């Protein structure tokens, strides 16, 4: 019906932008103090880089061709190289210089993952392989050139036919003692090096991993420094290069494929810190077994997993900073007509964003601790570092994936827009889930270590180290602490799960072995259970480690300790709440599970009050956030056309 009385027509006021600060109470802690726990070193370097990212060359661009993206990447890399901020990070070997290296790349990856990956392949994989596996003479010869980019390199490990199964790579390195040269050869199509960052266009050199053959005897994989292009860009004779093609992200990185046709290199180009081949073809090694040699050759990958863990948290921080600011300023519906409230006030929105916010805060503390241990690893337990890095990398990259997905959905259509960054981060950083090892395979490696320790210690009659809590079996049957919010509650539930899972894994393996099945068949039939053991062990580790780190933070600033404790409680309880295995293994009763879920809902509502100061404490500069983090109405106004 047409209404002729205009006085009856309600006038709907235009939506006004209301800054997120107006929808957020005053913080009960100082964000700058919390920032120093999340970002714990090299603040001046980070500030300098963030200022450089304001230059016109670094303006974020979307929808450009792959060729344009790669040309832009080269120009940006050249500009960063001019700053000289990485000088000494490879050649000194000092923890403080490694910290500077870490800070540099944490900033670059927040800006552009393609640029970060391209540079990390050169410095962090190519360069670090020489630093870790080269002799002193080799390091003196090559590392200064790596640092100043006059020796542009890539890291050639993965092949078309072998990724996670590194032992199975097929590239050959045969020694010719008559000429004192190694012959690098690709014997079949599955042996072509694949996904090699930098190989398609830019790299002149590669650290190539190949099966070493001496007089018909194979000694396993070893690394070699191989030239693939001349300095003027001409491809070396015997080398064939091709591009891997367009990808779902990281198209600024020139991932390539490499074939070698009996390419000869000097004997001195085998990285020989631990293993040597003399001029007459005699092999020697500081290690006694092939397994020890293999582990040493892949030492650089542990550092990669450590960095990836922290990288995953950085991207979660960026996504959450955008989504939470938008959620506090965007309004929809309300208790009365004409009154709209911030979408962050809705329980469903809080349940969507507060658990990943809490997880990101706690996992960041743990990732920082792991990075510090790795930088100062001279006196560390290297096996433990491998287990930590494998578990952290798996859980933290999965957490990043889920966090960015929630952030994307929480921002509606705006979250799908490239300039608002979240969608771009999702597609670009999804590769972290398979970088440096498939997450499930890594968790299975963790479970092997846990299982071996469990069986040895059970046979010895005493549990030690991370499994020492199993000495008192009352933890399996006694009542859970009444206070669900206490660390004692979460710790006990997590201990019950790990102990039951590892005991079940041991029984299943024993049962199948007695049936006459091969060790391969036995392990294959227990892979799902093994991954659960690896996850449970890492989750318990995160609980214990975060508790210690929060206690240390509380000694420095009580208010910082309190907000971190609030995050930890939600992180751990939500972790338990979302996984059915805790009920399947009777780690808590259905009634406890119901109570726990109600507490999670309450904690999400409470953390919403501190959400803005929490993301402010991440320290992400405004020009690295999407427009919807600020005045999205003005940004999309007609006057901007």
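Each Cβ is built from the backbone N, Cα and C atoms, and glycine gets one as well.
Annotated features, as they stand in TrEMBL:
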- 436: active site, proton acceptor (ACT_SITE)
- 158, 197: FAD binding site (BINDING)
- 66-146: domain 'Acyl-CoA dehydrogenase/oxidase N-terminal' (DOMAIN)
- 154-263: domain 'Acyl-CoA oxidase/dehydrogenase middle' (DOMAIN)
- 299-450: domain 'Acyl-CoA oxidase C-alpha1' (DOMAIN)
- 495-625: domain 'Acyl-CoA oxidase C-terminal' (DOMAIN)
Composition by DSSP (helix, strand, coil) of residues within the domain 'Acyl-CoA dehydrogenase/oxidase N-terminal' (66-146): 67 helix, 0 strand, 14 coil
Cβ atoms near the residue listed as 'active site, proton acceptor' (within 10 Å, other residues, all chains): 21
Cβ neighbour count (within 10 Å, all chains shown) around residue 158 (FAD binding site): 16
Inter-residue C-alpha distance, residue 436 (active site, proton acceptor) and residue 197 (FAD binding site) (nearest angstrom): 13
Three-state composition of the domain 'Acyl-CoA oxidase C-terminal' (495-625), taking helix and strand from DSSP: 108 helix, 0 strand, 23 coil
Whole-number mean of pLDDT values that fall within the domain 'Acyl-CoA dehydrogenase/oxidase N-terminal' (66-146): 94
Residues of the domain 'Acyl-CoA oxidase/dehydrogenase middle' (154-263) by DSSP state, where helix covers H, G and I: 6 helix, 52 strand, 52 coil
Distant-in-sequence Cβ neighbours of residue 197 (FAD binding site), under 8 Å, six or more positions away: 117, 118, 121, 125, 154, 155, 253, 254, 255, 256
